[in-house]
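Copied over from Swiss-Prot, here are the features:
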type	residues	note
ACT_SITE	E49	active site, proton acceptor
ACT_SITE	D60	active site, proton acceptor
Amino acid sequence: MARFETLFAQLNAKKQGGFVPFVTLCDPDLERSFDIICTLVDNGADALELGFPFSDPLLDGPVIQAANNRALNAGCSTAESFKLLEKVRSKYPEIPIGLLLCANLIYAQTLDGFYRRCAEIGIDAVLVADIPLLAAEPYIQAAKKHGIQPVFICPPNADENTVKGVAEHSEGYTYLVSRAGVTSAENQSHAANLDSLVEQLKAHNAPPILQGFGIAKPQQVKEALNMGVAGAISGSATVKIIEANLDNHEKCLADLAEFVKNMKAATL
């Protein structure tokens, strides 16, 4: 059984939801980023969603854009990101790891080369943020060739065909976006039709649904789970803690530990 399937089976058996933090690899630099990721896992993260630094991210709001810039300014390349992932996988052989990145970074490695490298490291899933489902077939084929699970976003304005396509082609988990726009911890509004989308995705046998965008507080995790999703992803709120503590690494780790514990507690 693949890692995400194993995780969701374990969570279901314990009647828990999942909490999945997102951070950008190498933010604010390679060494501190490893400490940060270890802190997330050690304090209750059920899985990791990790981003590759990119100069022009499509869906990212100002907080995660700044994280990308910090990582790039620290000299982080795709090769360095893969090195960091190797280190994380070596320390945590069981935790599911999903990547979120833009297509240009994959093309720079070639499709086959990128997914082969992911498989060598032990990455579980890849979500390509700027490739719509209609153009995704080459990515799906390359991912499956190397045993990587392709993940797709279900946007809040998805029609029936989009919901069906996302459900059929996603593996590992399904990413449900809370609202239109870019990532943000400040904008915590959620689209009014999320309940309906959850029902539709489940009707089409989608993989377990993780809700992201604007998830910054434990109460929002509870609300997401009450709607029927399997867990919640928190990116901007996690990265804001890094941003607020760039000059105090120990406080950064302590604040992240408290944040993850509180968010995970909301899933119990």
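Yeah, the Cβs are placed from backbone N, Cα and C, and that goes for glycine too.
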(message) Distance check, please: Cα of D60 (active site, proton acceptor) against Cα of E49 (active site, proton acceptor), rounded to an integer number of angstrom.
(response) 14
(request) For E49 (active site, proton acceptor), list the number of other Cβ atoms lying within 10 Å of its Cβ atom. (result) 25
(request) Would you count the other CB atoms within 10 A of the CB of D60 (active site, proton acceptor), including those on all shown protein chains? (result) 24
(message) DSSP secondary structure for D60 (active site, proton acceptor), reduced to helix/strand/coil, please.
(response) coil
